[in-house]
Amino acid sequence: MVLLAIDIGNSQIDLGLFRGKRLIKSSFFPKEDWRKFPLKKFIGEKKVSRVFIASVVPSLTGKIALSCRRNLSLKPEIIKAKDCGIPIKIKNPKEVGVDRVLNALAAFSVYRKPAIIVDAGTATTLDLVSEKGAYLGGIILPGLRISAEALAEKTALLPKIPIKRPKTLMGKGTISAIQSGIIYGSAEAIAGLIRKIKKDYRKKLLVIGTGGWIETLAPLIKSIDNIQPYLTLKGLALIGATRKK
């Protein structure tokens, strides 16, 4: 059985084909290009039996689901945070993004340990998973792209910049100075928050990195133990492997 997992994020849409719990193919494209949704090209000759969608962009959920119905003759299963099968130990469970709970589900399934999940995407989130696999809450801060765009938008003289690590910590020009502030500043913020979470939780915690910007940030954050690309998609696959039609 081949399962198609679709993660609709704030900046991009991730696609994953799974055979059971094993990822056999993955891709992504910008959210703005959803009208060119490359479904048939991505799937190729593979026979997909089920489709699971997680979305934090409600305006796109129905459109992507309709594309799946038209192209695959399958009705996608839209997964919400409450469908993930793990306790959500926060004040209002309806508020938490499904991607964050899927990350918790996937991380605990792989490692079976309490963990901090650092998801470096449009926003950067740090989420805590208990030793029993419960979602305990998290922290949200601006992602690299949001930080860069905010500086360009709210200042008269600072330009939009490419997001990449500068050669030196101290910028030798405006662009490298902004790059240094955003990348090194974000890395230090994340590292400091990891230290504080570990201190407050008082238990040994595994730190797992995921998200589109994690490869940029991880080399600067020594406390990240493992990188798990497409963690949200893997969470969807776990639900698909256990959920009856």
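Cβ from N, Cα, C; glycine included.
Caution: TrEMBL annotation is automatic and unverified by curators.
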Given TrEMBL lists Asp7, Ile8, Gly9, Asn10, Ser11, Gln12, Ile13, Asp14 for ATP, the same-site residue among Thr122, Thr124: Thr122
Count of other CB atoms lying within 10 Å of the CB belonging to Val98 (substrate binding site): 23
Residues satisfying Cβ distance under 8 Å from Arg100 (substrate binding site), sequence separation of at least 6: Ala81, Ile117, Asp119, Thr125, Asp127, Tyr135, Gly138
Cα-proximity to Asp7 (ATP binding site), 10 Å cut-off, over binding-site residues Gly97, Asp99, Thr174: Asp99
Cα-to-Cα gap, Thr122 (ATP binding site) vs Val98 (substrate binding site), nearest whole Å: 15
Maximum Cα-Cα separation in Å among residues Asp7, Ile8, Gly9, Asn10, Ser11, Gln12, Ile13, Asp14, Thr122, which the record lists as binding ATP: 13
